[in-house]
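Everything below concerns the one structure shown next.
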Amino acid sequence: MDLNQMTTKTQEAIMSAQSLAVSHHHQEVDTVHLLFTLLEEQDGLAVRIFQKMNVDIEALKQGVENLIKKKPSVTGSGAEAGKLYITGALQQLLVRAGKEAEKLQDDYISVEHVLLAFTEEKGDISQLFTRFHITKDNLLQSLMTVRGNQRVTSQNPEATYEALEKYGRDLVAEVKAGKIDPVIGRDSEIRRVIRILSRKTKNNPVLIGEPGVGKTAIVEGLAQRIVKKDVPEGLKDRTIFALDMSALVAGAKFRGEFEERLQAVLNEIKKSEGRILLFIDELHTIVGAGKTEGAMDAGNMLKPMLARGELHCIGATTLDEYRKYIEKDPALERRFQQVLAEEPTVEDTISILRGLKERFEIYHGVNIHDRAIVAASVLSDRYISDRFLPDKAIDLVDEACATIRTEIDSMPTELDEVTRRIMQLEIEEAALGKEKDFGSQERLKTLQRELSDLKEVASSMRAKWEKEKEDIHKVRDLREHLERLRRELEEAEGNYDLNRAAELRHGKIPAIEKELKEAEEMGANNKQENRLLREEVSEEEIADIVSRWTGIPVAKLVEGEREKLLRLEQILSERVIGQEEAVSLVSDAVLRARAGIKDPNRPIGSFIFLGPTGVGKTELAKTLAQSLFDSEEQMIRIDMSEYMEKHAVSRLIGAPPGYVGYEEGGQLTEAVRRKPYSVILLDEIEKAHPEVFNILLQMLDDGRITDSQGRTVDFKNTVIIMTSNIGSAHLLDGLEEDGSIKEESRELVMGQLRGHFRPEFLNRVDEIILFKPLTTNEIKGIVDKIVKELQGRLADRHITVKLTEAAKEFVVEAGFDPMYGARPLKRYVQRQVETKLARELIAGTITDNSHVVVDVENNELVVHVK
């Protein structure tokens, strides 16, 4: 018995049989041990052959195990350590297996030869095989269906048996089983694929398109047409086999094993004489797949068959990967014919979603409104810019359905609140039960009354919830049943089983449809009452998912947000004092955007704020971010003084290829990709190099920038604010009596601005807003604001701070300089008021819950504690 004449799997089985004998304390390895180890391997050849013969594997295994238990076991001092004998029966079996291999003209003894040898066994195994109707003839018959007319010429032949079933899936069979969603549209692409497949040579289409546009769906559409026989004569009765490259490569430990597996797949396809169409999704994976030193990759193995037309192959890959992998190998590229899969339009996407609607409704057990489908297509196209239709729209609908489904399966909020309240009262009841005083007993009686009422409410709500859930599940089950019957009808019509088709079409299907209609009508009538569960997916759910994905508020305005937006101007004016024009223009731009009437291809608003230092330019941007997003952190702030050199522009959009930092992306583009709805503040723009502004032209006009990686970054949902001190000298000198800016000063400032920036840049900005220098009255308002902020910092200690009118006048007089704006005032309050308060706090003069008044005495600020 030469182990080298056996295949790897046979050797492994003999080794396992030895281990099994040792574990049972047997002195010898017998045929039953070997048979048991062959049946133990779930994916093994023996199991596959017996399954083809409809043998109950578990029962057979149990029978063999009983035979093993009958064998004598030796333990203790009588057992010879480390010695194990092979019985004569096992040796005879392996000799017979060798003869079977010779009969089949095989070079190695494989598992199937051992099985054939088992059929000639006498004794217990023979009786067991008879009980399960296992004979040599039907074993040979099953073996031929698994192995075909292949010979065993290597030590691992099992890998090449049933190669197609093992390394991929049959799309046509999946369509027949109803596992593939319907494909809507894409007729021109499917027709082009059919035309290429009908050619004599180079009949290999490759579908190229962006990720998510439906390349795989086109092939699934072709499979559906083949099932419906809606294809030319040459493609009828064909099958599409989707190759799984990862399954081919996985577990190929030895050199040549991968090539052996692939060759087995190709041979089976070749033998089918064009009946099998090979589909390789992610076609670029064949370039370099299985390539090791001195070995061939999958691409090179496919080339000869592709060129001769022996292999009908459909590939699918993205544009980038086609360019990166396939185009670099011209010999491979010329064997494929390109079919470009374009992104469908919004209208086409709506049609696709309408076709998939029923599938989603059945799977999730919900109802999808048509408005939700339209909203998913329109909103995904408008707001999710880095992905492609129809994939992103389908994802939106799927997630919205899943949201409603989880709500149906979870306890309703109203019932949850009542249940928690009951639990809380029960804990209180247990605590009060231990108390003996009159007050506690009275409270206990009141509590018990409330508890019994709540329990009654909870039980009725729970019953209502269970009933609603039951109704929803009933509708879902009926829909699933109807779907199954329709699939059976298609199958019956395809097989010309007219009796079954008539029974389904005129009997079962109408009955289920009627029952479903009644159940849905009952559900619709119940909706008039106060329902705990909702099963509708409307456009609100879709808008909510879009907002969750992108951070852009597209959901309908709730009452609180409505009021907030209408009061936006007032909110901004409270923090930015004395700049009514600027506040009004900015809040109007935001209102237009939230009302949905802004130009969808431009940013929400783009502004240049001009004015002297310290008048509220940067403060307005911060306030806007705070008002819109409840956080100043949502503001993307870029100090343009860092962009004084010409080459610094690459920091905004990312370094070009070949430079350090290319992979990292740009400071501006990456920030906006992560937060598409934000306020962008470009501070001190006149400090930047003029070349930097060329990059901003597209951002201001079309609301987009292409970064160094070639990705388009969407700025359509941003507010762009640029601040500058240009012309501040003219603004300081040119004020009217009422504090407004003189017309000639305005002209001088605009002239200076035009001299510094190019016309094409200024022409793209929505508004150029001049901030006027602050007057004394406005400065008093700013003093109040600074004191209010100080008050906020002391609020947790309940200390109030108040400045008398005289103190305010004194602070304004001493701390305000028109040239420097409000900043020196803040520093003055910090130095003169906050420092004095800090001294008193540390000294202990000011304690918690104190009232502090700041006044002026002898031309100096003093602190009084009350």
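Note that Cβ sites are derived from N, Cα and C of the backbone, with glycine treated the same way.
Features of the protein shown, as given by Swiss-Prot:
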BINDING   G209, E210, P211, G212, V213, G214, K215, T216  ATP 1 binding site
BINDING   G611, P612, T613, G614, V615, G616, K617, T618  ATP 2 binding site
COILED    394-528  coiled coil
DOMAIN    3-149  domain 'Clp R'
REGION    6-71  region 'Repeat 1'
REGION    162-343  region 'NBD1'
REGION    561-773  region 'NBD2'
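The structure, with features from Swiss-Prot marked on it.
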{"residue": "G209", "record": "ATP 1 binding site", "Cβ within 10 Å": "21"}
{"residue": "E210", "record": "ATP 1 binding site", "Cβ within 10 Å": "17"}
{"residue": "V213", "record": "ATP 1 binding site", "Cβ within 10 Å": "21"}
{"residue": "G214", "record": "ATP 1 binding site", "Cβ within 10 Å": "30"}
{"residue": "K215", "record": "ATP 1 binding site", "Cβ within 10 Å": "25"}
{"residue": "P612", "record": "ATP 2 binding site", "Cβ within 10 Å": "21"}
{"residue": "G614", "record": "ATP 2 binding site", "Cβ within 10 Å": "23"}
{"residue": "V615", "record": "ATP 2 binding site", "Cβ within 10 Å": "29"}
{"residue": "K617", "record": "ATP 2 binding site", "Cβ within 10 Å": "28"}
{"residue": "T618", "record": "ATP 2 binding site", "Cβ within 10 Å": "18"}
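Per-residue confidence over the region 'Repeat 1' (6-71) averages out at a pLDDT of 79. The Cβ of P211 (ATP 1 binding site) lies under 8 Å from the Cβ of T318, R387, F388, D391, each on the same chain and at least six residues away in sequence. DSSP classifies P211 (ATP 1 binding site) as coil under the three-state reduction.
Ranked by how many other Cβ atoms sit within 10 Å of their Cβ, the binding-site residues G212, G611, G616 place G212 at the bottom. G212 (ATP 1 binding site) sits 42 Å from T618 (ATP 2 binding site), taking the CA atoms of both as reference points. When DSSP labels each residue, the domain 'Clp R' (3-149) comes out as 98 helix, 6 strand, 43 coil, counted as helix, strand and coil in that order. Straight-line distance linking the Cα atoms of G611 (ATP 2 binding site) and E210 (ATP 1 binding site), rounded to a whole number, equals 47 Å. P612 (ATP 2 binding site) sits 50 Å from E210 (ATP 1 binding site), taking the Cα positions as reference.
Same-chain residues with CB within 8 A of the center of the G611, P612, T613, G614, V615, G616, K617, T618 CB atoms, the ATP 2 site residues themselves not counted, are F609, E619, T723, N725, F771, G821, A822. Recorded residues T613 (ATP 2 binding site) and E210 (ATP 1 binding site) have their alpha carbons 49 Å apart, per Cα-Cα distance. Around the Cβ of T216 (ATP 1 binding site), the number of neighbouring Cβ atoms within 10 Å comes to 17.
A separation of roughly 46 Å, to the nearest angstrom, links the Cα atoms of G616 (ATP 2 binding site) and E210 (ATP 1 binding site). Within 10 Å of the C-beta atom of T613 (ATP 2 binding site) sit 16 other C-beta atoms, taking all shown protein chains into account.
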